[in-house]
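Some notes on the structure that comes next.
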Ligand SMILES: NC(=O)c1ccc[n+]([C@@H]2O[C@H](COP(=O)([O-])OP(=O)(O)OC[C@H]3O[C@@H](n4cnc5c(N)ncnc54)[C@H](OP(=O)(O)O)[C@@H]3O)[C@@H](O)[C@H]2O)c1
């Protein structure tokens, strides 16, 4: 399968669905009990099945997730992949950003990132310093595109004001349960301002993959798709929204790929938007800052 791209008017495009690496190799610190081989295999099997967007971060397992991605991608054609990493909020000073990016590239064993994100805003460090470093990384060819993550509309505008490049992505917690991007106006802002919203945690760590929620069950039955496939399709059916999931288990990878290449009717998208029970207005994991 070829995972299709979503394209902005600016010309930037990225795959509608990608592979996440949070909890690969550990959580906030490296977990030596995790099996590297199993995780490298999971990334490779995702690429073998058509995934090109791999998302990682400096912070994940203290850089070890990036090392696992580096190991996994070395046997593939780099130009066909879309590799994303993020810089942690305590490294947002000019020199720290440059150093962080260099170390991420080293761990990933690559010369460039397709997209580099500020992981979470840090009001204690002037955003102009950070964006100046991002502009330099771009003009030096180390990163192809600039993005942010967990940014409110206000923080996004402040960052956009001080960079000479277009910020093409905001990666945020968004799924059938967590609606902060809708309630805060961020989704509408992205749609009106030619920005892609990359929805993280699309199946809410598996919660949205279970049967038992009647509105989801009903739509699953109608389209003959599983709840996880509906939850993912609901995201990517929306203008300027793409998503990514972690899938160490091949069964999850294959199931989730079945969320692509078909379209839910508009009235069903709205039915899920309005009728999904237990919606939360603010992310419990990383709220917009
Ligand atoms: N920018 C940020 O602050 C931020 C925050 C969180 C996440 N992210 C990124 O977004 C990615 C995705 O988010 P996430 O990993 O937190 O959550 P997620 O993708 O919603 O959930 C991943 C978990 O759900 C399981 N799963 C996946 N598909 C499933 C399916 N069809 N049925 C049942 N279970 C399924 C996975 O199991 P297996 O792995 O065993 O297959 C894994 O345990 C992350 O990996 C990370 O790259 C970014």
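Just so you know, glycine gets a Cβ as well, placed from its N, Cα and C.
TrEMBL labels come from automatic prediction, so no person has curated them.
Residues or ranges marked as domain 'NADP-dependent oxidoreductase' in TrEMBL: 18-273. Residues or ranges marked as active site, proton donor in TrEMBL: 60. Per TrEMBL, the feature site 'Lowers pKa of active site Tyr' maps to 86. Sequence annotations record features per position, and here TrEMBL assigns substrate binding site to 119.
Counting every protein chain shown, 22 other Cβ atoms lie within 10 Å of the Cβ of residue 119 (substrate binding site). In the three-state DSSP classification, the residue listed as 'substrate binding site' falls within coil. The domain 'NADP-dependent oxidoreductase' (18-273) scores a mean pLDDT of 97 in the predicted structure.
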